[in-house]
Amino acid sequence: MAAAFIRRSSALLCAAILFAGLLSVLVHDAAADSRYSHEIRLKMELAGREPGAAAAPVTVIVEAGPETPISSLIAKQGGALRHRWNRLHEVSVPAGKLSALIRSLPETALLRLPYPHEPSAVTGQGVALTGAADMQALGQTGAGVTIGVIDLQFSNYTNSQASGDLPASLVITDYTGTGTGGGTHGTNVAEIVHEMAPGAALRLAKIGSETQLSQAVDDMIAAGTDVIVHSVSWFNAAFYDGTGALCDITARAEAAGIQWANAAGNYRTAHYLGTFTDTDGNLRHEFAAGQNYNTVSLTAGSAVSLYMNWEAYPTTTIDYDLELYLGDPGAGGSLVASSLNRQSGKGGAWYPYPYEAIANYVPAVTGTYYIVVRKISSATANRRLTLFTTGPALGTKTTASSLTQPSDCSSTLAVGATNLSDVPEGYSSEGPTTDGRAKPEISGPDGVSTSLSSGFYGTSASAPHAGGAVALLKAQHPGFSLAQIRWLLTSTAKDVNTAGFDYRTGNGRMSLDADGDGFNHDVDNCRLVYNPTQADLDGDGIGDACDTDIDGDGLTNTQESALNTDPYNPDTDGDGLTDGVEVNTHGTNPLLADTDGDGLPDGLEITYGTNPKLSNKGDLAPSGVPDNQINVSDLMMLMRFVGQLQVPGARDLTLGDMNNDGTLDVRDVLMLRRQLGF
């Protein structure tokens with residue numbers, strides 16, 4: 001019996017140890033998971049289940065000090081060090097070797113995936129709309145300026161070169177090691193830049209991580225780049241408050257004299273911001289009163305990512321988790337994905353960064369999915385948190401402060417999107433930043449065509465319009481500072497939303513002032529000629545400075561000069577007919593009010609139906625309807641007027657006054673008799 005008891009006790013002890021081991025995996029307390037994120041754990045689990053996945057290379061960020069021999073440690077696992085930036089080492093290693101790599105690193109090191117990033121979603125319509133065509137007409141093409149486009153994919157860029165939509169001499173660098181393809185997003189962006197500033201030199205850089213972005217920027221600084229366009233949204237690197245690694249990179253570019261134009265993002269309705277609230281004590285955040293979840297409608301087979309972080313940077317022990325359910329979790333919904341980084345651990349069990357990410361989840365079922373944010377204990381502090389989805393709109397959303405990084409950085413120009421009718425796009429992310437700064441600075445058109453797309457939408461299309469506009473302004477004003485260039489761009493913008501600055505369009509839709517007279521493309525009545533008074537004599541909307549017919553009389557200024565008429569007076573002789581009508585229609589003399597000298601101004605002759613080029617003196621009959629013939633009937637009518645048998649009209653007084661003395665009398669009768677041969 002004693003032996004049996006010992007066997008049973010041993011079995012129970014083993015079971016307890018096994019249970020404790022499992023529990024340590026499930027409840028945020030395992031030293032084996034101490035130096036890597038939840039996403040790395042999922043990669044290792046997949047490699048353990050699927051032999052094919054074990055050999056697949058994975059790009060990870062190793063955070064470690066200079067004392068760590070990263071290169072040799074990576075080489076031992078069949079991997080390679082690709083990029084280094086401060087403590088960040090970007091390495092590529094087979095997924096099946098991740099566990100061994102972790103064991104080889106010191107406890108102070110940390111493994112994670114690169115910060116999440118997404119394309120912000122993409123002739124010329126924008127070139128005319130923004131006033132870039134005006135600049136080009138004045139000879140400003142961006143020549144002498146270099147524009148860098150840093151993006152995630154540049155497929156078909158050689159086709160765009162062949163068609164002339166990209167310059168033949170551009171420079172392209174792949175920092176990913178996977179080739180320049182993957183999609184046409186960056187190629188579309190580059191085409192818009194080239195349309196806006198066709199004389200500027202282009203440098204294209206394909207990146208896929210923050211270390212690659214840092215290296216690309218360093219290389220562009222070294223190459224003398226003047227403008228960087230980045231139509232990419234980054235998540236979780238900071239609390240969207242102008243801080244963090246990405247803003248360090250953009251600040252480095254600004255310090256080198258580079259203006260950075262960044263897409264604001266397309267997440268206005270796919271964003272939530274609020275302070276963790278748990279009035280019912282179930283450790284779940286209440287997105288609304290009595291609602292411990294948010295919702296999103298997903299389609300089977302369409303990948304979606306969820307990014308959540310909270311205001312506890314740079315490092316924290318405040319621990320929130322992110323969960324995704326199919327169906328209401330309070331009514332039997334099933335957990336389909338989660339992110340469980342262990343910010344609440346201590347020592348080696350601590351993942352220090354305040355974010356969670358469910359990346360590229362592919363739903364098996366179409367339906368409403370429920371998003372739950374959970375904190376680890378009631379003692380966990382309540383902080384502001386943000387949630388972004390790359391899929392459809394959230395059920396409970398916060399449109400304000402939906403800007404993504406690095407558009408929130410003070411060193412970037414954040415660009416929102418307006419359509420070609422100047423209506424703000426409903427998806428265009430809006431300000432302010434989470435720390436209350438005014439963003440975006442400006443908006444630009446989207447929905448424009450490129451050689452690859454009949455309609456390239458999103459702030460990805462707006463940002464390159466801004467970048468191209470900056471290049472034109474830099475070429476026009478080579479001695480201006482970045483602050484002056486930004487002022488030129490934002491101060492001339494067309495207000496298209498609420499009056500003044502607003503958090504959707506910033507200062508308005510960009511509208512360049514090509515001639516520098518203080519009036520932008522949308523209001524300038526002479527877009528290519530400096531005319532600060534905007535004088536417009538004839539009110540035709542074309543300023544006098546560029547109007548070929550200043551007085552609008554139908555004669556060009558050149559014709560008026562040849563005829564010696566007054567180009568600022570549409571009726572030089574004051575006869576009631578414009579100079580153009582006299583010359584082009586009636587053939588009368590625009591310098592003589594009465595071309596035929598019959599006492600009737602040319603304008604009255606047209607009104608009366610008489611011939612302004614033939615004297616009508618004495619043409620009085622039939623009464624009220626002269627027939628352009630002078631005969632006995634006219635003499636008899638004049639005699640009736642003189643004999644006061646009939647009252648003459650105004651025209652009769654003029655035509656019957658043969659001697660032009662202002663009076664109808666017998667002398668006029670005698671003169672008309674002689675004219676008729678009596």
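Glycine is no exception: its Cβ is also placed from the backbone N, Cα and C atoms.
Per TrEMBL, the feature active site, charge relay system maps to ASP151, HIS185, SER460. The feature region 'Disordered' is assigned by TrEMBL to 420-447. Residues annotated as domain 'Dockerin' in TrEMBL: 613-678.
This view paints the features noted in TrEMBL onto the structure.
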residue: ASP151; record: active site, charge relay system; CB count, 10 Å: 28
residue: HIS185; record: active site, charge relay system; CB count, 10 Å: 25
residue: SER460; record: active site, charge relay system; CB count, 10 Å: 30
- Sequence-distant residues near the region 'Disordered' (420-447) by C-beta distance (under 8 Å, 6 or more away from its ends) are 122, 125-126, 129-130, 239-242, 264-271, 273, 311, 384, 386, 399-404, 407-408, 410, 413-414, 455-463, 465-466, 469, 486, 489-490, 493-494, 496-497, 501, 503-510
- In Å, rounded, how far does the Cα of ASP151 (active site, charge relay system) sit from the Cα of HIS185 (active site, charge relay system)? 8
- Note on the structure: Across the domain 'Dockerin' (613-678) the predicted model averages a pLDDT of 85
- DSSP residue counts for the domain 'Dockerin' (613-678), split into helix, strand and coil: 28 helix, 0 strand, 38 coil
- Whole-number Å distance between the CA of SER460 (active site, charge relay system) and the CA of HIS185 (active site, charge relay system)? 8
- Message: Going by DSSP, is SER460 (active site, charge relay system) sitting in a helix, a strand, or coil?
- Response: helix
- Query: When the region 'Disordered' (420-447) is classified with DSSP, how many of its residues are helical, how many are strand and how many are coil?
  - Reply: 0 helix, 5 strand, 23 coil
